[in-house]
Amino acid sequence: MLIDDLLPGDVVHLAVGDQVPADGLFISGYSVLVNESSLTGESEPVVINEDNPFLLSGTKVLDGSCKMLVTAVGMRTQWGKLMAAITESGDDETPLQVKLNKVANIIGNIGLCFALLTFVVLSQGLVAQKYLDGLLLSWSGDDVLEILQHFSVAVTIIVVAVPEGLPLAVTLSLAFAMKKMMKDKALVRQLAACETMGSATIICSDKTGTLTTNRMSVVKACVCGNTIEVNSPRAPSIFSSELPEAALEILLESIFNNTAGEVVISQDGRRQILGTPTEVALLDFALLMGGGFKEKRQETKVVKVEPFNSTKKRMSIILELPGGGYRAHCKGASEVVLAACDKFIDARGSIVALNNTTTNKLNGIIETFSKEALRTLCLAYREMDDGFSIDEPIPLRGYTCIGIVGIKDPVRPGVRQSVATCRSAGIEVRMITGDNINTAKAIARECGILTEDGIAIEGAEFREKNHKELIELIPKMQVLARSSPLDKHTLVKHLRTTFNEVVAVTGDGTNDAPALREADIGLAMGIAGTEVAKESADVVILDDNFSTIVTVAKWGRSVYVNIQKFVQFQLTVNVVALLVNFSSACFTGIFYFVNCVNLSSLSHDLHFLMPGDAPLTAVQLLWVNMIMDTLGALALATEPPDDNLMKKAPVGRRGKFITKVMWRNILGQSIFQFAVMWYLQTQGKYLFGLEGSDADTVLNTIIFNTFVFCQVFNEISSRDMDEINVLKGLLDNSIFMGILAGTTIFQFIIVQFLGDFADTMPLTQLQWLVSVLFGLLGMPIAAAIKLIPVEPHEEGN
């Protein structure tokens, strides 16, 4: 029967290795173990029986067989809903794109207004003259040419004002960050994800494989009354050297024989452990203690096995010993196996009776391990009587306790510090896992995610909440346990839409794909992640480490700040260029109008303030435009991140892109540069003693040269919007230094050798020196401006 032919109400037989074809209910069967990692992300098999009868499409049967009643097929199954959720998400603009579009529109509109005013002011004198002469309808070729010249000046102002360099600056900054992030184990699949992570206010992290190592390990053990904490690979070997030889031998015999796992050598010669996560943890612990799997297995012969089941909660075997006789080994739930023991191995390796005091001590150890979210197992053995037959059932009592082990998926090194870094940076970290709530809470506390006032909740309870209850719950919720893929998707959607947060989501399984697509930035695990998860993600974390996610956030903030630096630099150039050309045009137009109406006395008074025509020609303005767009973007976009970035609040969606600090710097530097330009326009000839027919051209060249050097030194001042010391690390940025050197050399060539093309005249050494000094003066001015206090950044939410 084909899967397409299944309908609700059909009965399906499932056996080991089958993939569950539809959602259904367990009818009958035995020892059914199902791997639900494709849906929940948790690698631990789930026991299916009358108490837990739900079978889900896409999961795999690991053990046993059963009959299933089909309840849902196709897109109505949990797997179908998962796939539907993946295709729902759209391509929304990133927070920075939204802000940049607003900034670009504002700047463009301002530039257009200035251009229109400049054209009107420049043209009104000619129109007024025509009107006074009665020739308003009679236009010569020279008149049209003059109007076209005015129009070209207006168009040039628009070209200078419109921030066409913004996309270039953003792309350069993103590409630079993308290349650097690759070295930090983060593969960027979507370029915009670089900056989106910088705006993130919440990280919803998976537990297994992201916060933890995704490898169950023995982290604590109690053998012969000695408790060990396995916090390094060498700890088990040190522990084994302290154990009595007899106790060590019986412990290794128990672990290597009473197991469903295997230790094999792969094709490349590497040792590999096969089995369930619990079996792998025990076998790895025994190997680290110096045991040999193959050697131990060959010493004895397994003659009977009772596999683990949910009823007995233990696994037992009978070994045939080399010298004759039998020995039973048992492992399982600590409270069950310990209750079957009446003896234990003490610190000297002797077998002594298990009294109430020792029993209470061992139960206390079990309870301590459990509070730390450890999965506890008790190991025991029993020497069988001489008359024992392998046809008899394995005894349930009379065992000798070997020891107790605590197993868990340990937290990755550095995770707690990374979570603390996120918290200091104003980024909330929330755990979403399919694991049980007790384990989730313990791991969350260990990572520093769950605080005293935080809430941990299970997915079933989360799904029952109405919209009003969710609005009250979500801000306080820090852990979501036993969650389904759609729970994660729902939480992320609420955070983005209802609470207007910028959400980053981590995940490694197919079950995480809907949330990865719904989030502002999806972070998939490169090692443990499925192909579906990677395809749905914006960034792939190559080392599966949460600490790398913090590095991604750091680079994202660096991109955002670098683009802010560039916009601050560009707006300063825009404002000065617009003011210089507009003011010159205004005075030219007014002076021309005054002459037209024969106000000679007023004309004489205005002549002293008259700066002449617009000092920056179209070619010069386009060169300035190239400095501030292409070269400025390349220089400021390649600034590396610093540690202070993770000490500030996140930008979020509501934070203003152009902050008060930026406006302070822009206005302060613009006023200084405009004052310098105006001074040179009005007093330049007297300052340099310029006379003759070339005086105006030389003065305009000096103004152009000074203006360019003002931008060169302002570019250096823009390296940091708050700090006075902007020279720190300057020499380490070879790209920045190269652009400064290139700009200076090309400026020298334009001024000294490209006069016909750029309307310039060669300058003397004194004129060069003054131009450079005026530009250099901008740096202490910028430092003084930064001392002006402003309100805190408007970057937070």
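Glycine is no exception: its Cβ is also placed from the backbone N, Cα and C atoms.
Caution: TrEMBL annotation is automatic and unverified by curators.
So that you can see what the record holds, here are the features copied from TrEMBL:
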type	residues	note
DOMAIN	3-86	domain 'P-type ATPase A'
TRANSMEM	106-127	transmembrane segment
TRANSMEM	147-177	transmembrane segment
TRANSMEM	571-594	transmembrane segment
DOMAIN	614-788	domain 'Cation-transporting P-type ATPase C-terminal'
TRANSMEM	614-636	transmembrane segment
TRANSMEM	657-678	transmembrane segment
TRANSMEM	698-714	transmembrane segment
TRANSMEM	735-754	transmembrane segment
TRANSMEM	766-788	transmembrane segment
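Here the transmembrane segment (657-678) sits against the transmembrane segment (698-714); at least 3 CB pairs are under 8 Å, leaving out pairs fewer than 6 apart in sequence. Scored on C-beta pairs under 8 angstroms, the neighbour of the transmembrane segment (735-754) with the top count among 106-127, 147-177, 698-714, 766-788 is 698-714. Same-chain residues lying 6+ beyond the ends of the transmembrane segment (147-177) with a Cβ under 8 Å from its Cβ atoms: 96, 100, 103-104, 107-108, 110-112, 114-116, 118-119, 122-123, 126, 188, 191-192, 194-195, 555-556, 558-559, 562-563, 566-567, 570, 573-574, 577-578, 581-582, 585, 614, 618, 621-622, 624-625, 628-630, 632-634, 636-638. Counting residues per DSSP class in helix, strand and coil order gives 19 helix, 36 strand, 29 coil for the domain 'P-type ATPase A' (3-86). Beyond the ends of the transmembrane segment (698-714), by six or more residues, the same chain brings 569, 572-573, 576-577, 580, 612, 615-617, 620, 623-624, 627-628, 632, 669, 673, 676-677, 680-681, 684-685, 688, 690, 740, 743-744, 747, 751, 759-761, 763, 767-768, 770-772, 774-776, 778-779, 782 to within a C-beta distance below 8 angstroms of the stretch.
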